[in-house]
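Undergrad: A single structure is presented below for examination.
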Amino acid sequence: MDIRKFFGVIPSGKKLVSETVKKNEKTKSDEETLKAKKGIKEIKVNSSRKEDDFKQKQPSKKKRIIYDSDSESEETLQVKNAKKPPEKLPVSSKPGKISRQDPVTYISETDEEDDFMCKKAASKSKENGRSTNSHLGTSNMKKNEENTKTKNKPLSPIKLTPTSVLDYFGTGSVQRSNKKMVASKRKELSQNTDESGLNDEAIAKQLQLDEDAELERQLHEDEEFARTLAMLDEEPKTKKARKDTEAGETFSSVQANLSKAEKHKYPHKVKTAQVSDERKSYSPRKQSKYESSKESQQHSKSSADKIGEVSSPKASSKLAIMKRKEESSYKEIEPVASKRKENAIKLKGETKTPKKTKSSPAKKESVSPEDSEKKRTNYQAYRSYLNREGPKALGSKEIPKGAENCLEGLIFVITGVLESIERDEAKSLIERYGGKVTGNVSKKTNYLVMGRDSGQSKSDKAAALGTKIIDEDGLLNLIRTMPGKKSKYEIAVETEMKKESKLERTPQKNVQGKRKISPSKKESESKKSRPTSKRDSLAKTIKKETDVFWKSLDFKEQVAEETSGDSKARNLADDSSENKVENLLWVDKYKPTSLKTIIGQQGDQSCANKLLRWLRNWQKSSSEDKKHAAKFGKFSGKDDGSSFKAALLSGPPGVGKTTTASLVCQELGYSYVELNASDTRSKSSLKAIVAESLNNTSIKGFYSNGAASSVSTKHALIMDEVDGMAGNEDRGGIQELIGLIKHTKIPIICMCNDRNHPKIRSLVHYCFDLRFQRPRVEQIKGAMMSIAFKEGLKIPPPAMNEIILGANQDIRQVLHNLSMWCARSKALTYDQAKADSHRAKKDIKMGPFDVARKVFAAGEETAHMSLVDKSDLFFHDYSIAPLFVQENYIHVKPVAAGGDMKKHLMLLSRAADSICDGDLVDSQIRSKQNWSLLPAQAIYASVLPGELMRGYMTQFPTFPSWLGKHSSTGKHDRIVQDLALHMSLRTYSSKRTVNMDYLSLLRDALVQPLTSQGVDGVQDVVALMDTYYLMKEDFENIMEISSWGGKPSPFSKLDPKVKAAFTRAYNKEAHLTPYSLQAIKASRHSTSPSLDSEYNEELNEDDSQSDEKDQDAIETDAMIKKKTKSSKPSKPEKDKEPRKGKGKSSKK
């Protein structure tokens, strides 16, 4: 290939680019791009008229300009051409508005391959040191002459000049496109003047350009300019900068905001920035060069951004240094700037934009190699935590005995492995003396107990917060030296008891001094407490009766009898009340008497207060919203439950649901009927009981004076333990309850433990949902300590803490345990309370997923579990627990393997063998009903696999897939049996043969006509089905069974129109089948075996004859459908009926 042809393509390509840009076409046609990439002959055809005119003026230089050569004559011609453009440059710089009409733009804006080749060729030629001989220079000189004739701006021919490698990677200044053009022009002139003998005019021009370049370099070495360029690079990458651009902010506004922020943060640098701006604006040389290109620069931001990316190595390194300085200076000045912002409110709006740009580097730094390395180290630390050893010198140090409550009020955090004590022992030791152990370090933490292989994050946080760090010996020394304290709970109870004793003393004095109470006090007392008001009313009525009765007696006798009678009655009442109180259980003795005394329900948004507000507004809301359905109240914006006619209190047992409901009704004056699990709550009984309760009145109201005013007409129904409404006795109870709620005229309060129970899900939509949570340990502890103080029990607070945790924060269970354990002795130690609470730990119902997780769990959760405890996990549900173990044991990473794959596989093999042995035991239990083997199955199916694979599960426990596969196996077996029966007259084969040989062929034969012919093949398929006596259900079953590996059936891929046509065609016709479509009735009575054989034969003959008659009868034929008689009588029957009546009446 001739190299001249290779270089001849480039200038013509450039000419084409200039022509298309001059026409202001946004998109180029495919023909022009193809022609630009083809040979020289096509390019000559596309040459413009200006080029032809120029060639006519210079006929001697035609071919030499197009093709490169190394001859000396061509060099001299190029030198002469190089001198022409500088002479004509000042002439073309006069017009200022031509810049808008100038079609020539910067080369980097176009995405054409020709321009890229031009740049590449230019850079290569300059590297070889032959830039003066290149054709690019000559072609550009030629274009400069054309531009002078058309009077274009001076920068337009320079924009099309070739750019060298030095312009991109050399010492050139970082600036927009016009700066590069200056640098390239300077180099071109310098090379040409060296060869032409250094003309005086060229030297002068070159000196001026050198001065301009030096000035540019000095201006652009400013730190403020480098920072602005860095911000320009960062802005489009950050999200916040995009919001600014969407809002319409220009680069100038960002730069202005930056300058304002810089005035506050960098006052010593503002002057240099101002000087540089003045130099840029007032230098005459820059004004002359950039006046014509100001408007074009505003419209070419995209090209300027591209050019800004191409910078020299020195400038890029300088930018990196500037960024580092900037970050360090921001870190130092940020606190000072924050203080200034508080003082100067006016400047807040100005400093917002720089903050947005400064936040972006922090986001970039988050995804860095340092972060990935940090994650790797954290993962390695976690792996080492899982495989770390226990205490090496267990029990080597003597544990001291400290004073009582010596650590009360102190909070500890334990990290690492303690050498002589296990973590649980250290925790119980701290709690024994009143301390508290938490999991994470916070400001409230007093001591961090650090051991071997401690957590780095906890130690760093403790050092940052100034928390004291001690070791194991420091903890023991702390217990040994700290003085004892009196418990804060005991102090609170003592003060409370003192207040109560003072209040009790003062009313007694008043009663003794003034026996008669004023009516105002009567009213206040009746408002405060209803029981006391009732007692007072009873006493008053008795006094009135006695006054009337003793009118005739003397005053002295009357007084003596009254005092003696009062003292006797008082003594009898006191004795009886004391006996009753002593005989009461603690749960009834200390049961709350008001809403304020319910533990954990003191807040304004507590469930008790919500229920009180709901019941108070029930009459108003029910009268207003009669037409609205209750279920739509779920979507109302209010949280007061005003649209619901019933409330549902759900929560764990022993948290005060029933107590709250009864106290709320008492406070608002509602009489209530309570139905719990001991009552029959079926559909019929609910109707009767609720209907009766609506018309009831309480007898208590008739004892008082104002019987009519005190009797309440407000009733409520309390349904306790709604989730227990099951079985035959309560059949239909939930549905009847929902019906009652829809049409009730009294409030209904329901209670349950398990809100997610299937029966409760339908009830939830009609009730105001109130979920009770377990009270905190501190809340329960305070109330229990006061009760213990009243009963004279001496229990340390840590012991009470263990009792509460052992009862799973069930207040009722805590009171029962206290009354039982303190029946013998009135003192209870910490160790005794912990042992008793562990023995009497409340059984918590666990689901199968929790059981599966706990079987394989490692660590503190299962460290102290005995063999019996591990086998008890199996007995939570012995029918499904083995399936959960078999499904999830492969998802466990065992600790015993230690990351070794071979050990892991060995453990998996041994666990699988144990599960197989458990399955053998299960088959013996189920087949021979040998239920005594269940403990052996627990060992094989649960305990052994759990011990071998004890570790950490990689995912949540999955449900056993065996259950779904087993049900589908039974279903498929029934389907194949039905198909074998239906096709038996055609195939004469067994169920296995049909499954193995017939089904796959039948599937293809039934689907093939529909896929190939479409709607036309429907009749063929229906005929084939009739041939084999197949129904529509059999067709679907064949498609389902014959598809393997979860692949979709071929029938599902058909066009819906074809499927619809097939269904219509099959349903249109009647299909005869040799088998009954309905269930055949069972045979009639069979004779007893005690009869004689002859008699049996006779009976059989009679039966056979009768059976033949029955078979012949149309009515008994199962293949013939009977017509159902219409319920409406026919016309003649209607006519006959009155005639019969008339006849009877006439006869009478």
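Quick reminder: no glycine exception, Cβ is built from N, Cα and C everywhere.
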Undergrad: Swiss-Prot lists motif 'Nuclear localization signal' for one of the ranges 90-94, 485-489, 1120-1124; which is that range?
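TA: Among 90-94, 485-489, 1120-1124, the range Swiss-Prot annotates as motif 'Nuclear localization signal' is 1120-1124.
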Undergrad: Quickly, which of SER60, SER73, SER131, SER623 does Swiss-Prot have down as phosphoserine? Just give the residue.
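TA: Candidates were SER60, SER73, SER131, SER623; Swiss-Prot attaches phosphoserine to SER73.
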Undergrad: Quick one: which of SER164, SER671, SER712 has phosphoserine in Swiss-Prot?
TA: SER164
Undergrad: From SER108, SER420, SER459, SER564, pick the one Swiss-Prot annotates as phosphoserine?
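TA: The phosphoserine feature in Swiss-Prot corresponds to SER108.
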Undergrad: In Swiss-Prot, which of these is labelled phosphoserine: SER281, SER359, SER457?
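TA: My reading of Swiss-Prot gives SER281.
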Undergrad: Of the residues in the domain 'BRCT' (402-492), how many are helix, strand and coil by DSSP?
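TA: Residue counts for the domain 'BRCT' (402-492) by secondary structure: 35 helix, 17 strand, 39 coil.
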